[in-house]
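The block underneath contains the structure these notes are about, expressed in structure tokens.
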Amino acid sequence: MVKFIECRSRTAVAPLERLKILLQVQNPHSIKYNGTIQGLKYIYKTEGFRGLFKGNGTNCARIVPNSAVKFFSYEQASRGILWLYRQQPGNEDASLTPLLRLGAGACAGIIAMSATYPMDLVRGRLTVQTDKSPSQYRGIAHALTTVLKEEGPRALYKGWLPSVIGVVPYVGLNFAVYESLKEWLIETKPLGLVDNNCELGITTRLMCGAAAGTVGQTIAYPLDVIRRRMQMVGWHNASSVVTGGGSSKASLEYTGMVDAFRKTVRNEGFRALYKGLVPNSVKVVPSIAIAFVSYEMVKDILGVEMRISD
């Protein structure tokens, strides 16, 4: 039920997610998408209503394995990190600090991202292709088999390095900010946001989740742009979408993460690292907030205490 709710939330913001990716990778010398409103109108005009939701099926298919692995890993990593921290003299009764939560969140994010990364690469390519693309991926399975056949198994992890680096500020800060903000609200009880049982309402939890998601995604966003661009490398149709050398007819080539950063900034300027940030920020509010509230609901149902103890 929780995953169904999260899938619906992602579907609701799917047009913004697709526009974000198109803005991230579009050819700088052939601008089609120029802002949130114009971009959404252009997609609807050229591809119809269904075009707004391209790649959403793959995104929803990732929810169950990604979220399950991420939250389970966070619980286990939190316990492990706290246990190690308490082994040091003077820390026998210590509790999780924001820094420790950051580390646990980062570990959880890396594990979950790595486990489902091939589906993320496929989602990016399915999202980018249009009806005018020279050839088409017909779906998740066809895209996976095509990438394996034409580019090899390593291609399924293109852009993995910036993704791993980006997990530290993104997922790590998500958990750290959310947990710390929630604790602060419970301790200070400002503006009547905490009830008599020292519990936060759903609306307040949604606000905490939204704030956490906004902080994390803003700091990690340049790495997300580079990840998407690296995922296009080796795809022979990618030159119609984005190029690294400034020529619309050249094949897309990056030798690595640093090279992708250098070519992006050199050819398009520093602002290119934040292409698509506006639609991404808009969708973060419902998606991340609902994900955290769903997480809390499951823990309440299972009777798991929020604070980790011996």
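Each Cβ is built from the backbone N, Cα and C atoms, and glycine gets one as well.
According to TrEMBL, the feature repeat 'Solcar' maps to 1-80 (among others). Taken together, the residues in the repeat 'Solcar' (1-80) have a mean pLDDT of 85 on the 0 to 100 scale.
Per TrEMBL, the feature repeat 'Solcar' maps to 96-184 (among others). For the repeat 'Solcar' (96-184), the number of residues in each DSSP class (helix H, G, I; strand E, B; coil) is 73 helix, 0 strand, 16 coil.
TrEMBL lists 200-301 (among others) with the feature repeat 'Solcar'.
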